[in-house]
């Protein structure tokens, strides 16, 4: 196979880098998607993490990066929040935390979470490293802890720092930021001016190399190789010539080539240095850039030969060092560099011209060597027969022809060295190419033997070079010829169809890479003529990696043999898409080497590595399976694929295994590519969520139920709406101390409008309120009754108002409890959170049916969090409503003091029987009674008679009030009242008369009233619900605003001592119904007393809540 450049395409080697750096320390790490704001699902987990946690990879994938599935009872909640915060803010986290394995056993873990960025600087992944430090924790005894407290905090953190140093050294070493400094301690380079990131980036990057590393296919290296090739030819020519023709006799002659010889030796030495910094192609086809690997490779291959060839023998002559003749023979070792010529033949074998040129050069070099040998043989024959005066050697014959014979016992005279070399070369070439011409012939036995050998070599070389060059190349390099033929066809195809450069590069690279993998051999074509038995055994051996998966453990040998015939090998280059979203899935793929990523909408859903299985679960129906995501190669990947068509055929032949295979494949798939698989995932997730809500279990799950809202959208039956129900009895409200004893931390607020003339207006707004000051909920106190009450649909129906009599329009205060009979069977509002949490998940997913499982899971999590957030807001709202209820109770107590029944014959039926009331009868009561409400107002600075107070025209002048609005919106202008500390006294700054049953008390410059009515009743409390609110427009004027003073109550129902706050009704929220709203007169009330009498009114609040 021809020597190629190697695999040089840009690769995303992030996964390989992480795995390589962790190798040798601990490989417990996971990768999570940082682009998904909710959940940060795990896209890759190492085998070490699966072994540490006890979970399978399929169980870990797509779970949250916060590792909630590892939390347990003793897991620190503060660290949980810190992990969540670091993930949300995409910052680094490090700390020791207690985790729990799948079997429930705890272990201490040193957790490091690091954000990974892409080439744009965006955080796309989280790298979480897990280090088991349980053994280190166990070694710390209580005594050691006491000693640590005495000696300081430095020793207490020794185990933590040492474990962290070992763990984080791996992460920082990934980008080369780990430096070894003095005392062999590992320290972090915190130089802020360093541009390199502290951790590897998740991106496609070119192969990195040092500035001093030479590419073996670079232009400079190619030119240098040609220079070394010429120097090698020079050595191959000069070394034999100097050894045979020069010798030690004429040193002056040897000096003529000394300079060139030294220059060649210098070139060889430089070549050795460059070879230590030149890349090479490994057996797997990868280009090696690491200097250490290059050095090891060169030392174990060509270093020894190059070193011997570079020994400076010619320097001995340069310094006039006398050496023996054997030293010249050592220079022949340089001829071993000719073996490098074979590499050139491999590299340039696709160029026939270069190959023929090199072959001719080798033929000429061989003739040169044989000419040198021929001269040595003639010289030895002359020296051996010098005493016998033989003159039959080829040198004697040459001397005679050239008229320069030998004399002086054949030691002097003779032809020149130049003439002798030319004659010898002529003889060898004529002998190699033909039988010779006879002008130079062999005369002695030694010469004849050499001539025979020359003829034999000549015949072989002649046939090789001149006769059978094409045939020899086809026989020896048939695979090369096929490779070049296909390469040429591919280039012609590209040229004819005018394909773009990028597509051309992809095609050529894919062809070269696949050729390097299978060497151009089509295994199917090669094995088709073999019997099925032998072919099955061969394919089982070739595909043993995928057949060793747990998925095929239950398959019989016959099933595996049949299945192996339908397995094919595939190759994917970096950046190539194996599958695209919406494609018909034709096979199930097994990753043998390399790494891939699953993409959807440019978002990483999973990262696949060696040993991962991708495909789809099989359906009972024979239908086309569409993929729901793209599968893209990050590096060069070798794949094995099971063709689905053949798989179905095998499963039909082995039905006993088919059922098991269909069940197991959905668990063994690292990522399921079936379109619509997300619906099943969400269904399973919802079921798991419901189980976890009803029966919380697992390690460290926070089983806290949050309050929720369930909107009851069912309509009331028409008959029930029209049915008149008697008014529910109203119970007195217990004191604050009694409420504390009950300890109920859940109040249920139910509001209902009274049934007016238009009919009952039902509305449903049950709100579940949680109070934090109670130790137990009402459900915990009475579970049986709670379950009964939970099944009932609470509806408060109030009877229709009787127009004949004055209606009770007293506002009701919401305290969250409707206790009509003061019994345990009273109905309360209770709504479980399981229903609202499960209904959104059980419903079919909306939107694009091809949405990924991870996206739907994230949406489900978002919905869950939004519901929890809504529940939290509702909890806060109900607390505010409860507080508002307390304020409204105070307002109602205030209204009790100003409302009294309307009687035409007397002003106040309870305090006086006279037609015109006395001053005592104008004072408010301390408790609520069932008579009609009345309002007493004493304005400052004016005195009126009793007749004037009872006169209706005064009332109409002061208040221009619609009677329908008086009962719901009383307004009064009065002065601030104060309760003195000694008794129940109420101060009015300009009190000119004293009502009946009230005693005037003078203290200093102030006047106070004491209630002495015998009819005082404190057994009843205000109504506990209110459906009407005050209009801000009515209360906006300062002239019409009413400042009411409410004395507080004690436990016994009397007014407590102390300062009583003043409430202004203009600050209360809400609005009046326009039909019942009164327009208050803007006439100043400074000098007039006021009487406001309520009357029957039909009140309808259009803004009431319908549930």
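Every residue gets a Cβ built from N, Cα and C, even glycine.
Annotated by Swiss-Prot as transmembrane segment, the relevant range among 256-276, 277-297, 382-402 is 256-276. Segment annotation: Swiss-Prot labels intramembrane segment over residues 420-440 (candidates 168-188, 189-209, 420-440, 483-503). Ranges compared are 97-117, 118-138, 139-159, 328-348, and Swiss-Prot records transmembrane segment for 328-348. Taking 409, 687 one by one, Swiss-Prot attaches N-linked glycosylation site to 409. A Cβ distance under 8 Å defines the sequence-distant neighbours of the transmembrane segment (256-276), meaning residues of its chain 6+ beyond its ends; these are 214, 221, 224, 227-228, 231, 234-235, 238, 242, 291, 294-295, 298, 302-303, 306-307, 309-315, 317-318, 337. Away from its own ends, the transmembrane segment (358-378) comes close to residues 233, 236-237, 240-241, 243-245, 341, 344-345, 348, 393-395, 420-421, 424-425, 427-429, 431-432, 446-447, 450, 454, 457, 461, 464-465, 469 of its chain (Cβ-Cβ under 8 Å, at least six residues beyond either end). If you take every residue in the motif 'Selectivity filter' (434-439) and average the pLDDT, you get 73.
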